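Q: One structure coming up, written as structure tokens, with questions to follow.
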Amino acid sequence: MARGNQRDKAREANQKKQAALKKGHNMSGNELAKAKELAAQKMREKQAAGMHCTTEPHRRPADLAQAWSTAS
């Protein structure tokens, strides 16, 4: 009977863990899908905006070193 307290403590800890897992979100499946799609659309817009912000192509480090040496 010495293990009774250990069993009760383990049960309490498991109940706390399960309650924390259930707290994640309170949206239904359809609401969650809409929220994910909205977030994905915002990310696509950000990525598209970021692609057009530079006019110069990306340079490799060797190209930059050569450009710096000729500039001075």
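Easy rule for this one: first residue shown is 1, then count along the chain.
Cβ atoms are placed via backbone N, Cα and C, with glycine included.
For reference, TrEMBL lists these features for the protein:
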{"type": "DOMAIN", "residues": "1-36", "note": "domain 'Small EDRK-rich factor-like N-terminal'"}
{"type": "COMPBIAS", "residues": "1-15", "note": "compositional bias 'Basic and acidic residues'"}
{"type": "REGION", "residues": "1-72", "note": "region 'Disordered'"}
{"type": "COMPBIAS", "residues": "33-47", "note": "compositional bias 'Basic and acidic residues'"}
Q: So what pLDDT does the domain 'Small EDRK-rich factor-like N-terminal' (1-36) average out to?
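A: For the domain 'Small EDRK-rich factor-like N-terminal' (1-36), the model's average pLDDT rounds to 84.
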Q: For the compositional bias 'Basic and acidic residues' (1-15), give the DSSP counts of helix residues, strand residues and coil residues.
A: 12 helix, 0 strand, 3 coil
Q: Write out how many residues of the compositional bias 'Basic and acidic residues' (33-47) are helix, how many strand and how many coil, based on DSSP.
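A: Going through the compositional bias 'Basic and acidic residues' (33-47) residue by residue, I get 15 helix, 0 strand, 0 coil.
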